[in-house]
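Enquirer: One structure follows; several queries about it will come next.
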Amino acid sequence: MLILDNRTLLVVIGMIAIGSAITLTFLWRSQKQRNGVGYWAAGMVILAMATFLVSLRDVVPDLTSLILANLCYVFGFQLILRGIRIFTERPPLLFFDYGSLPIAACLFYYFYYIDNNQSVRILVFSAVIVFVCMAIVVTLLTDRNKAQRSAGHAVAIVFGLFAFLNFMRGLMAFLFPSEQSVIEDSFSTTLLYLSGIFFVGGMAITLILQMYSILELRLRTVSLAVEQSASSIVITDNSGNIEYINPAALHTSGYLKDELIGKNPSIFRSNKLSPDVYEEMWRQLREGNTWRGEFHNFKKNGEGYWEVASIAPVKQANGKISHFVAVKEDITSIKEAKQKIHHLAHHDSLTGLPTRALMMERLNSAIAEAEERGWQVAVLFIDIDGFKAVNDTFGHATGDKLLKQLTKNLCACVRDTDTVARIGGDEFIVVLEHVSDNVAITVIAERMIKAVSEAFDIDGIEVNVSASIGIALYPKDAIDPHDLIKMADHAMYGVKRTGKNNFAFVSKEKVVL
């Protein structure tokens, strides 16, 4: 076998290690997450330093070219081990991080300056490297993540072979002691350094391939998760133009992918929300904050739907925003359910009329508007005369059907802007908004008296009832809504005492005919 110049081989090994370190450094800087690649790069730099120091044997003092070089080798492999522990999300090995280097330093010093024995130094060096390399192998082969464990097999094989090489070198030094210089040109040293070229290059290549395979695996996992997510996910560029939209978003909106790529998400907008909502959203996003809120959008077929969205800026390593990602959920059914619950809470289940709570809200609103515009508000308190007798005679089922008929007739007597509410078994309150004079109120009251007093056919049974109505006016009679209702109630009882089937204003002492 051709015997090559060992110094040249050592320089080649050092240059390979430096090139590997540069590549790993660029990869480390491209990653925002701390994943241990920086330790790999630092380890390769230290290995290169160690190799260059060995190549200077007989040129610089032995303390530098021998002891310091060997310690650099140990430290370089320690850094690579630490990086792999971080990469595989494992805790550090304290002995290797803090114990092996001082122990090796003491042994190298002892077996050079006190008991100079090159074979023992080789044995010590080989033992330390074997232990570190085997720790790397065990770390990679016992990774809890099955996919990462598979990706680490190539790295484990290279470090395992390197451990075996050093084991055999230590064994040979123990069995066949020799004082031959490591820089002396010979078949054994040439073979050692050629194998070093292979292993250093192999370490760098397999480490880089492992990182890329893991990153590709993670990217593929994230990609599949996004593709198969039940939530709508939309990614836009910095200008807000759609670059990616997942199948769930396409299904929800009804669009095809080609119809949306490159378009602005405003294509969905229904204009149901104020422009201020969108201005505030963009202000927060441009400031680098996450925005959360609700949208009302249109599908391709024009059907409206509600979405709750969380939109976040995507920042690159330099801190600049390059994209925006929106995760959205269709909440149309939830909105409809809430509206239904709200309706049931504020509307009578039998007649569908507003309850007292909703009536009070509308009365307060009507009074506030009337105060601003100088209008009147009329409150009509209606009690159905003879309703109890209908229930007692024909049963509650007939009474319920009668209430539905009465509701229909009463609502037909007022405008869409007015409110007819059921507040009790046979009691109703009507709120007439922005009325100008008592004449209009009188017309409506007379219309209601007539609508209630007509004969009703309930399942072939003729039913007759009448209405007693008390009327209170804002602001003439009272300005407080509760006082208005009380005064209208009082006026209604006045009608009942004077013969029923009529109406009266609070301000009158007698029934208005």
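Cβ coordinates are placed from backbone N, Cα and C, and glycine is handled just like the others.
Feature table excerpt (TrEMBL):
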type	residues	note
TRANSMEM	6-27	transmembrane segment
TRANSMEM	39-57	transmembrane segment
TRANSMEM	63-81	transmembrane segment
TRANSMEM	93-114	transmembrane segment
TRANSMEM	120-142	transmembrane segment
TRANSMEM	154-176	transmembrane segment
TRANSMEM	191-215	transmembrane segment
DOMAIN	218-264	domain 'PAS'
DOMAIN	291-343	domain 'PAC'
DOMAIN	375-508	domain 'GGDEF'
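Can you tell me where each of these features sits in the structure?
Expert: Residues 37-38, 40-42, 44-45, 47-49, 51-52, 54-55, 182-185, 189-190, 193-194, 196-197, 200-201, 203-204, 207-208, 211 of the same chain lie 6 or more positions beyond the ends of the transmembrane segment (6-27) yet place their CB under 8 Å from a CB of it.
Residues 6-7, 10-11, 13-15, 17-18, 20-22, 24-25, 27-28, 64-66, 68-70, 72-73, 75-80, 82-84, 86, 181-183, 196, 200, 204, 207 of the same chain lie 6 or more positions beyond the ends of the transmembrane segment (39-57) yet place their CB under 8 Å from a CB of it.
Sequence-distant contacts of the transmembrane segment (93-114) (same chain, six or more residues past either end, CB-CB distance under 8 Å): 62, 66-67, 70-71, 74-75, 78, 81-82, 85, 120-121, 124-125, 128, 131-132, 135.
Listed as Cβ neighbours of the transmembrane segment (154-176) (distance under 8 Å, sequence separation of 6 or more from its ends, same chain) are residues 84, 118-120, 122-123, 125-127, 129-130, 133-134, 136-137, 140-141, 192, 195, 199, 202-203, 206-207, 209-210.
Remote same-chain partners of the transmembrane segment (191-215), defined as residues 6 or more beyond its termini with a Cβ less than 8 Å from a stretch Cβ, comprise 1, 4, 6, 9-10, 12-13, 16-17, 19-20, 23-24, 27, 35, 37, 40, 44, 47, 51, 80, 87, 147-148, 151-152, 154-155, 157-159, 161-162, 165, 169.
Here the domain 'PAC' (291-343) has, by DSSP, the following mix of helix, strand and coil residues: 12 helix, 30 strand, 11 coil.
Mean pLDDT, taken over the domain 'GGDEF' (375-508), works out to 92 on the 0 to 100 scale.
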Enquirer: For the domain 'GGDEF' (375-508), what are the DSSP-based totals of helix, strand and coil residues?
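Expert: Split by secondary structure, the domain 'GGDEF' (375-508) comes out as 57 helix, 42 strand, 35 coil.
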Enquirer: Using DSSP, how many residues in the domain 'PAS' (218-264) fall into helix, strand and coil?
Expert: 22 helix, 10 strand, 15 coil
